[in-house]
Amino acid sequence: MILSDADILDRLEAGDLVVEPLDDPELQIQPASVDLRLGREFLEFQRTNIPCIHPNSEDEVDDYVSETVVDEDDDFILHPGDFVLGTTHERVEIPADLIAHVEGRSSLGRLAVVVHATAGLCDPGYRGQITLELSNLGSAPVALTPGMRISQLTFTELKTEADRPYGSERGSKYQDQSGPQASRIESDDEFGGDQLERGDADGE
Ligand SMILES: Nc1ccn([C@H]2C[C@H](O)[C@@H](COP(=O)(O)OP(=O)(O)OP(=O)(O)O)O2)c(=O)n1
């Protein structure tokens, strides 16, 4: 079941669901979601001298990105074809019986700005700010102003609480992240089922 505005308020008041700071609840709490605002920090991939990023290598992806912090009252210009990581201003805490989905806002979608390129799921148990995967699919640069409502979070109730919420097990690389975080895929301790033996695909 997806939480309505009244359900969201109940859970925020109960204190197990946290979205903070929630400076303007009347504006930010929508009929079945909470609008989150854009933070001031951005991570951009360097355009030159960047080797191939191999997810299974020990190289830190952090080495290939540079950080920009936008001054107060300034904008970040997202150029056509660009892909940058941003962050929500708000920090969230998702209880073990909820899962949250990061969605774009229609008004930005209509400007061809995509807020999460692929991943849009906040696990039960997740705590921290949310890294936004921002891209501009249009043909005109778009100015992004820190503080603008950039994304919305919906909450779905699980049938039962997660036995092993995010943060309680190994992995959980992004727990308590603050600001945009580059991929930490290199710290996956194993590839598990992704590392298939040659011949697996054709059943040899
Ligand atoms: N656009 C997004 C999507 C998710 N998250 C946060 C909340 C998630 O609970 C956490 C982990 O997301 P995934 O499980 O999708 O990521 P991985 O599987 O790569 O990480 P892990 O191995 O830590 O589960 O990252 C985020 O900050 N920004």
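Any Cβ shown, glycine's included, is placed from N, Cα and C.
Caution: TrEMBL annotation is automatic and unverified by curators.
Source: prediction; values computed, not measured.
Per TrEMBL, these features apply:
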- Arg105, Ser106, Ser107, Leu108, Gly109, Arg110, Asp123, Thr131, Leu132, Glu133, Gln152, Tyr166, Lys173, Gln177: dCTP binding site (BINDING)
- Glu133: active site, proton donor/acceptor (ACT_SITE)
- 160-173: compositional bias 'Basic and acidic residues' (COMPBIAS)
- 160-204: region 'Disordered' (REGION)
- 195-204: compositional bias 'Basic and acidic residues' (COMPBIAS)
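Outside the compositional bias 'Basic and acidic residues' (160-173), and at least 6 residues removed from its termini, the chain residues within Cβ reach (under 8 Å) are 94, 96-97, 123-127, 184, 187-189.
With a cut-off of 6 Å between Cβ and the nearest atom of ligand 1, the binding-site residues Arg105, Ser107, Lys173 reduce to Lys173. Counting only same-chain residues six or more apart in sequence, the Cβ atoms lying under 8 angstroms from the Cβ of Asp123 (dCTP binding site) belong to Ile94, Ile99, Ala162, Pro165, Tyr166.
Farthest C-alpha pair in the dCTP-binding residues Arg105, Ser106, Ser107, Leu108, Gly109, Arg110, Asp123, Thr131, Leu132, Glu133, Gln152, Tyr166, Lys173, Gln177: 33 Å apart. Summarising the environment of Gln152 (dCTP binding site), the number of other Cβ atoms within 10 Å of its Cβ, over all protein chains shown, is 19. Neighbour density for Leu132 (dCTP binding site): within 10 A of its CB lie 26 other CB atoms from the protein chains shown. All protein chains included, Glu133 (active site, proton donor/acceptor) registers 17 other Cβ atoms within 10 Å of its own Cβ. Looking at Arg105, Lys173, the binding-site residues in this record, the fewest other C-beta atoms within 10 angstroms of the C-beta turn up around Lys173. Between the CA atoms of Gly109 (dCTP binding site) and Glu133 (active site, proton donor/acceptor) there is a gap of 13 Å, rounded to the nearest whole number. Residue pair the residue listed as 'active site, proton donor/acceptor' / Gln152 (dCTP binding site) shows a Cα separation of 14 Å.
The local packing around Ser107 (dCTP binding site), expressed as other Cβ atoms within 10 Å of its Cβ over all shown chains, amounts to 11.
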